[in-house]
Structures are given as structure tokens and as C-alpha cells.
Amino acid sequence: MIPVPPAIQRIPWKLIALLSAITGFGLLVLYSAAGGSMNPWALQQGLRFLAFLVGALILARFPIKLFEDFAYLAYIGVVVLLIGVELLGFVGGGSQRWLDLGIVNLQPSELMKIAIVLALARFYAQLPPGNTRTWTALWPALVMIGVPAGLVMLQPDLGTALAICAGGAVVMFLSGLPLWWFGSAALAGAAALPILFSMLHDYQQKRVLIFLDPESDPLGAGYHISQSKIAIGSGGIGGKGFLNGSQSHLDYLPEGHTDFIFATMAEEWGLIGGLALLFGFFLLLRWSTRVALNARTRFGQLAAAGLTMTIFFYVAINLMMVMGLAPVVGIPLPLFSYGGSSMLTVMTCVGMILAIENDSRTGTRRFH
Amino acid sequence: MPRRKPPITEASRGITFTRRALVVGGTQATLGVALAARMAYISVVENDRYALESESNRVNLTLIPPRRGWIVDRHGKAMANNRVSLRIDIIPDRLHNKELVLGQLKTLLKLDGDAMERINRDLNAASGFQPVAVKEDISEAEYASVLVRLPDLPGIAPARGFARYYPTGAAVGHLIGYVGAPNAEEYQEAKDPLYITPGFKIGKQALEKYFEPVLRGKPGARRVEVTARGKVVRDLSTQSDVQGKTVHLTIDAELQYYAARRIGPESGSVVVIDCLTGDVLAMASMPSFDPNSFSSGIGVAEYKWLSQNDHVPLRNKTLSGLYPPGSTIKPMVAMSFLEAGLPASASTFCGGGLRVGNRVFHCWQRRGHGQVDMAKGIYQSCDVYFYHFAQQMGMDVIAAMGKRLGLGQKFPLPVPSQSYGTVPSPAWKQEKYGRPWAVADTVNATIGQGYMLVNPTQLAVMAARLATGNIVMPHLTQDANRAPVQSLGFAPDHIGVVREAMNQVVNGLGTAGRARLPVEDVKMAGKTGTAQVVSLSKGSGKGGLWKYRDHGLFIAFAPFDAPRYAAAVVIEHGGGSGAAYPIARDVMTFLFDREKAMAALEGFEAGWGGTIEERMARDFAAWKAGANRPPPEGAA
């Protein structure tokens, strides 16, 4: 047998294959959504994926100590960007979520999904174990989550704010904070729900109400959910066939290449395609969860688990939305939906988790 | 803190992490399974429902209203047909800028406030791809003006359809009826999407209504694939409509038109029947309405104009107009006498009146007729003759004969309604009023006054039955399987007596000498009638206020010795039979010599101020201008 050079061996071929499979499937759907054309979406998405994949593999070579050291700095930097976007939007006279970086429109709120996980992971990694049940274990974390979540809510972007909160909360949970804190927070949250609801923007309130009763407004705001369910439901088990989805091709399905791409896929590929995609995400998340469990450092553990949650949150909320289980919040399906921001975030997550995996291979675990 | 816990070490923290990470991972996996289950539920269990919804999204089905069957006369001439009609509809789903588009249409099609209100109302009630009519029957120029602006008018659908057309207009209004868009109740009842398809009309009156199932036909359908914005991607299939079946009438369209025109400015009706078959050849009631106006959606003003007219143009007088028959029933009464055994030669003396009980009943001829037998009783229309012998023969004999000859009868005609009137008899009066029959009632009934009420169709049938001695049944449609005509069983010489006496009315010393036909070898027999409307205290019956004048009636058949056609003419408030028999004469002339009849009509119409259409248009214009209706012309 020809010995495989170590440099080649160190490349995570299986993971690359998995990511390529998910994205490749997405490209097929984008090709179909464009009416059987590589333009305007599939080609650009494919090139973008290749670029981000290379980036992720480079990121994977970084020592995780570097991420840990720069976690706070990065977090503060992203908060400044968020404020900048807010001010820019204020100056520009409208809501703005992104900074134009030329090749990609950077949404600082996307970066915050990663920054919050890294910052909290560092915070809890540094926290002395004895302080876990004390007030000092709680308030800095709450402030660190609250500030960016609040800024993102101002944009207003409910979905991303929830994603930031979810990533942060999972890191807090895994850091070993007393369970009853979470229990009481959940109760308090439930009690405050009506107040929170009243603080939402009109259109956000409407989305929530329509989520609760989509048939109340089949041609208005409930249209998205209704048409998405029609697309998925009419696909059946085997789907209508590649390039044969009437819902997406005749424009009944809104956002069929971005947020509702799962419905576009399900219409043409049916339940089989849906289950295959779910299985792909399952493999990805199983890998990253294993990385978290096997991480060598506490920072690595918390960061990998938090980043896993960030990816999962995308997938779960998006699928719940297209299947009518969650309000329309505008969260894309990672790697699948057309768009650079979410792909950048997810591929960064993947790169960092790879770095943590690499790290765990280099030395002994601290906890044994 | 509820209770003291062991201090947290790095090792215990690691175990906690592992445990909690597994919880998080497990939760994520559970959610993933739940999502898979949800998807399976939507795409497998609810597949049928969503597949259907997807299909109904994709496919837009437009019904094509069927072309209505024609209504043709006995010679196959169209009395109701279809002509191409241009229309503009709105597809609500595709209408994005309602104000702009409606504003444009308002200018282009010159829509008034009423129309805009209706369109807005229909748009609010409609949904989806169900088109809403904007305007029907527009001109080529208007159609073209919309067509060129179509790119700027999303949601607008110009269409080429068919509209009902009645070539002779008002002359057939009552006979044929009209069509109209189904109303909300009709749609609720039928639950047929065709009913809300623009351009679809159903029969609303008379023959159009009665023969609706025959005339309708089957709608066509066009299936197209459309995008969410309503752009048609491709035609999937088109099924053309099946035209409704033709209804063949017994009417002679030319005669019908002639009769309607000949009534002129009067309010009246003409019914002509073929004595041999019972075919109704003409059934004209005037004044009338133009069914073409109704069929394209009559305006509020025009409807008001029609409903306020004291000549009741909305009533079909041939079947729904009830009149005292007056002296036109005298031949019938005479026939009842003959059949009951009274010899034709039996006579009585007319001195201008007859005392019945403590009241004197006058003859119309106050000077008296002298000695009167049956023939003279008919052709001179001597009331006293009938007063006298009616008391002798009894009312039951007369009532039975009246019914046998068609009076008080409802005929099996394809019409939505007919008023069949009254043939009074002692039993009838007892039941209706709870009072016994009086001799005075007989005396009144025998000259067609009192309780006696008939419609013009019954009079025509009576004339045909008297003339032939057969049970002539009126028919409006041609049918191969008609039962042969049955005889009434009258003695032939009795028929001869009545025919001859009625011949004398016109061609002898009778009351209608001016009714003689201007046709060689054809002699018309007839009987005049004058029906009093109010007691003499309100008017003489001959002049004065129109509504107090007597009705003029005339029944006729020709040729008198071999009857072929029978007719009845009733002119409301004509001031006497003199208003009726010239019309009967001209209508009968038309059957034997069209040119002579037309020449006569043209002379009359010149005097009346034009054809029916011209006079109606002028009258409507005058009414709209607020001018009072001119007093009814020609109180002949």
C-alpha cells in the first residue's frame, strides 16, 4: 500500500465530502429554482462555497489558543461593528444590517453568533470552578449576551437575536451553572412573554399571530407558510421530479431560493430528499458534538458545543419555519440557502470546530 | 440556596459538561426526529390535500359560457339568436393597482357612477380568478382603446363573447322573454360556477326562462398554467362549448312583428291561431319592452320608465291580461243554446231593453232591434235576445259551453304564468261569495259582463273552436308527436249557423262592416265586443279619460266557410270594438295578402310617428327629459 503523506492524511476528507454533499444538493435546487440555469444563483453559490471551504481549512490550522486569546477582542470588535451598523442605518435613514465589503455583504450580527460563543467559552473557561454557583458566574454572561442581542433587536432582526441568545444560553448551560437558574429563567421568560410580545414591531407581532393561525390570512402574511406547506405536501414521498416543481417555478413559493429553499427542494425531491438532507445535517452535528465531547481544553469543549448549537439553531428554526412550526423569522438554511452571510458563519464555525478537533489530537486532555 | 452542595472541582465540572452536552445533543436529535416526522406527516398524510392545492394554484380554469340555442319561428327564421359581443372583465387576483386601473377604465369606457359602484361591489365580493364584468357590449373603438393599453392595465381581460339578440325587439318581448345575468339567489340555488362567469346569461322570462334547460348548452373550459402573478405560462387544454338546442316555435315571426306594429300606439294584444293545428301564429302584446335592453342589463332609468307607464308594457296582456269579454262571447252562448235544443229560428222582440225582476236591462241599441232571431242576435249583437233566452236556457248550459270552448281554462303552454280568468256559474258563485246565483247574474254573464273574465288567448281559442267544432289546443312549439285534434261533437248545422251569423257581422248587416277583408274570395267572420270598464256615471265609455274608456274586443276567423285562421284582438280602453276590428282585419289580411297589409300599416305608422323602435326611443327620451308622458295617442 502506498503510504499516504501525513499532510494529505490531516485533511478531513470525510467532512469535506459531507459539506460538499449538502452544498452540492443545494446547488441542484438552486439550479432548478433558477428555471434550470446556473445563473444567477448556483454558480455563485458554488464558487463561494469553495472559497469558504478553503478558508475553513486554513482556519482549522490555527491553534485554538489564538481564538481564546482574541475572543474578547473579537467580541468587542463585533459589538462596535453592530453599533456602527446601527449608526449607519440611522444616518442612512433606514434599517441596515450589513456592511458592504465588496465581495460579500458582511452582517456583523452573523459574526456575533460566533463571537458570543467564543467570548462566553473563554469567560467560563477562566472562571474558577468554585465560583460556578455565584453571582459572578452569571451577570457578566448576561451582559455579554444582552448587549449584542439588544443591538440586533434594534435592527430589527428577531431571528438573529434569538440565535445569539441560544448560542450563549447553551454555553452557560454546559458550563455547569445551577439547573434551577435555567428553570426559573424559563418560567420568568414565559411569564414575561406577553410583555415581550408587546415590545415587538407590528410586523413581527403579525408574523407570530399568523404563525399561530396561518389560514387566517392565506393571501397576506400567512401566504409564505401556506405556500411552503403546499410545496412540501404536494411533493409527497418521491417529489415531483427535478425541475418540475410548480410552486417554485410559478412563483407561488416566495423566497424559494433563500429562506424557503427547503420547500423548493421538498417539492421536487419529496420526503426522500428531505430525510437525506436531515441525515446530512445529523452527520455534521454528530461530528461537531463529538469534537466538543473530546475537546482537550475547557474552552474547546464550550466553544465547540456552542458553535454546534449555532449551526443547529439555523437548521432547526429554518425547518420549523418552512413546515409551519415557527413564525417566519428570516433564518436561512445553512449551506443550502443562497446567500453569503450564513454560509460564512457556518463555514467559520466548521473551521473552528476543526481547529478544536486538531487541538485535541495534539496533546493529552486536561481532564484525565 | 436550598441546600449545601459538594464543592465544584474541575473534574466534576468536566463530568457535568459531558452529561449536559449529551442532554443538549439528545434534545437536538429529538428535535431533528420531530422535524422528520412533521415533514413525513405533511408530505405523506396530507399529500392529497396539498397536491390538490398545488394543482389549483398552478391551473386556472376559466369557463367559457355556452352559446345559447336559437329560438326560431315556424319557417326557421331566428327570433332570438346570438351576436358577437365585446366585453371587458377584471381578474381580481391580477389587479394590483385597483385605483389606477379603474380610473383608466372609467375614462376609456365612459363608465358612470352607478357602474363604478357596481364594479367595486363585485370586486369586493369576488376573489381569485373569478372575473368581474366591467362593461358588456362595448363598441369596437372602446375595445381597441383598452386593448392597446393592456400592458399598463394589469388584471384587465378583454373578451369576445356572445350576447343575445332579438331581431324584432319589442315585438317579441313578452312572447320570448329575455335573458340576464343570474342574481345572487339563483347562484345560491344552482351552486354552479358557470353562474358567476361573466357573459353567462340565463332566461329570465317567458320562453327564454321556460326553455332554459334546452337553450343553455354546455360550457366550454380553458385550463391554463399561471404564475402567482397571473401570467399565463401555457395553455393546458381548451374544451369548446356546446351550443344549446334550437327551440322551434309555431309562431310566424313576420306575422308576430306585423301584429305588434299594427297595434300601434294602443295598449292591447293580438293572438292568431291556426284553426287546423292549434299552432299559435302570433301572440303580440303592446306596448312592450325591448328584450335586447334587458339582456344587456337594463338601466335603472329605462326600467323605471317602463314600470311607470300606465299602458303596462311589462305585462304580457295575451296571457295575463284579463278582460270582460263583452259581446264576443255571444256566438259561444248561441252555440250553447243550439246544443241545448233551442232552434236557431226562435226569436224574441227587442224594444231596447228587457225587464228582469224589478230592473230594466238595456240593449246597447236603445232604439231596439225589433224581432230578433239567433243570427240577428249575433250579427246585430242584440243584448235583449240573449237576456231573454239565457233566462230560458239557464246559466249552467252557458258556463259549460264557455269552458268547453276554452274560457276559464289554463292551456299547456310553455309559459311561466297565465291568468285564466273566470267563467261564472251558480256553483262557482256559491263557493266564492256564499250567495245564490241571481237571474241578473245570468243576464250580465250572457253579454260577457259581470263576473266573466277572460284573456285574449282564450278568446282566440274560443274563436278557433267555434269555427271548426274541434278541440283546438294552442301550441307554441313544434312537436311531431301531437295528439290528433278531437271533435267537440257539435251538430254540423249548428256550426254552420254560427259561422254564417259571424260572417254577417263583417260581410252582412252586422256591427263590423269596416272589418271586411280587402282580399278577393276570402271572407272573414267575426264578432265585436265592448267591455265596460266603469259604470256609466264615470264616463260614457267612448271618450273622456283614457282609463275610463271601454275595452274594444274582436274575435275572428277566416275564411268563414273553411276556417283556417282564428284571431282575437283586445284593445284596452279603445273606446269600443271599433278600435279592435280594424287591427284584426289587417292582421288577417297579412295572412292572405302581405303586400296589401304592409301598405296599410305603412300608412298608419306614418301617422303615428314611426315604427315601434322610433316611437319608443322618442318616448323614452321625452320621459328622461322630464317631460310628462304625452297623453295616449289614437283614442280611436
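Even glycines carry a Cβ here, placed using N, Cα and C.
Record features (TrEMBL):
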- A:15-34: transmembrane segment (TRANSMEM)
- A:46-64: transmembrane segment (TRANSMEM)
- A:70-91: transmembrane segment (TRANSMEM)
- A:103-125: transmembrane segment (TRANSMEM)
- A:137-154: transmembrane segment (TRANSMEM)
- A:161-182: transmembrane segment (TRANSMEM)
- A:269-287: transmembrane segment (TRANSMEM)
- A:299-323: transmembrane segment (TRANSMEM)
- A:335-356: transmembrane segment (TRANSMEM)
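Here the transmembrane segment (A:299-323) sits against the transmembrane segment (A:161-182); at least 3 CB pairs are under 8 Å, leaving out pairs fewer than 6 apart in sequence.
Taking residue pairs at least 6 apart in sequence, the transmembrane segment (A:137-154) and the transmembrane segment (A:70-91) share three or more C-beta contacts under 8 angstroms. Within its own chain, the transmembrane segment (A:15-34) is flanked in space by residues 40-42, 45-46, 49, 53, 57, 242-243, 245, 248-249, 256-257, 261, 264-265, 268-269, 273, 276-277, 280-281, 283-284, 287, 335-338, 347, 350, 354, which lie at least six positions past its ends and keep a Cβ under 8 Å from the stretch. Highlighted: of the candidate stretches A:46-64, A:137-154, A:335-356, A:137-154 has the greatest count of Cβ pairs under 8 Å to the transmembrane segment (A:161-182).
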